[in-house]
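J.: Before we start, here is the structure in question, set down as structure tokens.
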Amino acid sequence: MIRLTASLCLFLRLSSPAENPDGITVSREAEPVPDRRCGLGGVLPTEWPAHLGLRRMATDMFLRWLLTLGQFLRTLLTNLCTGVGLFGGQIMADTFDCIVVGAGSAGCVIASRLSDDPQRRVLLLEAGGDDDDPRISTPASFGALPNTRFDWGFRTAPQEHLSRRQIGYPRGRCIGGTGSINYMIYLRGHPSDYDTWQQLGATGWGWQDVLPYFRKAENWQAQGESGLHGYDGPLTVTEQAERSPLTAIFLAGCQQAGIPFNPDLNGSDIDGCGYFPATLRDNARGSTARTYLGAAVGRANLTVVTGATALRLVLDGSRILGIDYLTGGSVHRATAQETVLSAGTVGSPHLLQVSGIGPGDRLREVGVEVLHDLPGVGENLQDHLHYRSRWEIEKPLTFFGRTAEQSAEAQRLYAEERGPLTSNHFESGAFLRSTPGIAAPDIELLMIPYFISLGAPEMRPPDRHGFTISGFPTRPRSTGRVCIVSADPLDRPMIDPGFLNDPADSDLLIACIHAARRIVSQDAFAELGVREISPGPDKTTDDALLADIREVSSTSWHPVGSCRMGQDDTAVVAPDLRVHGLEGLSIADASVMPRMNTGHPQAPVIMIAEKAADLIATRA
């Protein structure tokens, strides 16, 4: 009955006239129109029969609804009589050796590496469309990508410690995933991050274990310790070819404030200030979609399906047989010896839970049959909450106020792979320790050489000359969860990062503001005509700063940990990335990280994918 109810909900989603007011037909290859209500896929317009010649009139829409209802009831009656599931006998089925769910930063790596073997048939499913929009490829345009068709458009649950605000939560929805809309920063973290993973039960994931996989991925073109980097991998990591003059001023201010310059913030010692390497190739975005998948898409043994919304995993006892997914208005089933979830920190636990895998009590509350009680699914969510300190400057050193001619010149230079549009703007930053003697830096500062908006996920055009220094605790102690709200796989999950649940994170955000102010007070900034805008010079006490943090702080787009790797009862995957208690199912994305790294998740996610490909290749 539960399965029937969930399937009836899916039918109503597919047949509702409101979903397709113009009777648009979408092919399997077409990019889906996102339904902003749903959590793991845009609802595709139903493929109405063209020969009916229906017009956009209320009567016609009613006839369409009746036609689809008749098809649904016929399928339902057939399946009830034969004793198979609702979609049994109706699903277009395909068989592969390996299915990868999610073509994000991890999924593109895994599909590419596994399909290196021409005998291994690989299916890569992506809910979104292609990544061929110039806003994706242009580094300076990343701020225009949230709240577009390339973004799931999630929002968090009201945050208790952030004035009950619901925070925009960008997650990539296209080939390349969040790696196609993010800031492109490549920071692996501190070596102790990975030794901590091992101490938490992730055996074989210590620093010396994971370093070869970082190196395997990298085509390192930045400064750094040569023995710690790779030089012939697919992923180009470099520094920006052209930088803002404010970047040099910031680094000078850091050094005047006693923060040493560090030529390699991906080295064995990441303390200090320096340039932030980025995943750029030929001065354009170099996501894993372009650097890995781009070289593999022509292979006969690799099938990539876009516009494919994952519905549920198919189980036979404790074995995962494959997945049901929606594309082009039809439900398909793919089966394989090994299924790999790379749907991300939101998507992977969501898919597990709607499939009946997760905390039993919570699944039963929303009407999902519990097929495998796994309490840790969706728990342990961690994210970097950042605060943006902003200063206005009198000296015209930013893009604000540029003329049409100057904008056209920037476009012309970009066509030659140079100029200001080749920068992701996050050109420099610093790692600091709030107190001496701690194992690793616990504060990260990022300098953005223009005056940006507060709170919103998108970077709005600046309204004055200025700069921004963003900061966050590197290893936040606050945790939250991702959980489904119904049995309908198209409903959005509830995302609760639990921001500032632990007061230690509040203290470190306050320390970020103090550190930024100390840097800007140095002589390096003296000639700019600096004026603090936020938090503002009137906010002098820690209580006043915390009040401002609660009002305007936001996510850094770094969710991790919701399918934690480990060996205890609350872990979701074992160190070999297989889901505890199930056969034929692995997870490889940011969700398996036991703890946040002292940096940004992009680099460790790619490392995880490289290691996952080696592990999976031995069993699929």
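Think of each number as a place in line: the chain as shown, counted from 1.
Every residue, even glycine, has its Cβ placed from backbone N, Cα and C.
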J.: Of Thr156, Thr178, Thr196, which one shares the FAD site with Trp557, His558, Pro601, Gln602 in TrEMBL?
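T.: The candidate from Thr156, Thr178, Thr196 that TrEMBL ties to FAD along with Trp557, His558, Pro601, Gln602 is Thr178.
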J.: Which value in Å gives the longest Cα to Cα span across the FAD site residues Thr178, Trp557, His558, Pro601, Gln602 as recorded?
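T.: Output for FAD binders Thr178, Trp557, His558, Pro601, Gln602: max Cα distance 11 Å.
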J.: Could you tell me which of these active-site residues, His558, His600, has the greatest number of Cβ atoms within 10 Å of its own Cβ?
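T.: Result for the most crowded candidate: His600.
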J.: Pop the Cα-Cα gap between His600 (active site, proton acceptor) and His558 (active site, proton donor) into the table, whole Å please.
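T.: It is 7 Å, counting Cα to Cα.
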J.: DSSP on the domain 'Glucose-methanol-choline oxidoreductase N-terminal' (172-195): how many residues come out helix, how many strand, how many coil?
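T.: Each residue of the domain 'Glucose-methanol-choline oxidoreductase N-terminal' (172-195) counted once, the result is 9 helix, 3 strand, 12 coil.
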J.: Averaged over the domain 'Glucose-methanol-choline oxidoreductase N-terminal' (344-358), what pLDDT does the predicted model reach?
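T.: A mean pLDDT of 99 is what the predicted model shows over the domain 'Glucose-methanol-choline oxidoreductase N-terminal' (344-358).
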J.: Among the binding-site residues Thr178, Gln602, which residue has its Cβ surrounded by the fewest other Cβ atoms within 10 Å?
T.: Gln602
J.: In terms of Cβ proximity under 8 Å, which residues at least six beyond the ends of the domain 'Glucose-methanol-choline oxidoreductase N-terminal' (172-195) contact it?
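T.: Those are 34, 42, 102-108, 126-131, 136, 139, 142, 145-146, 149-152, 205-207, 209-210, 214, 237, 265-266, 268, 270, 276-280, 285-290, 293, 304, 306, 344, 424, 426, 439-441, 446, 474-475, 557, 595, 597-600, 602-604, 607, in sequence order.
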J.: Note the Cβ centroid of Thr178, Trp557, His558, Pro601, Gln602, the recorded FAD site, then list each other residue of that chain whose Cβ lies within 8 Å of it, in sequence.
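T.: So the extra residues in range turn out to be Asn182, Ser556, Pro559, Ala590, His600, Val605.
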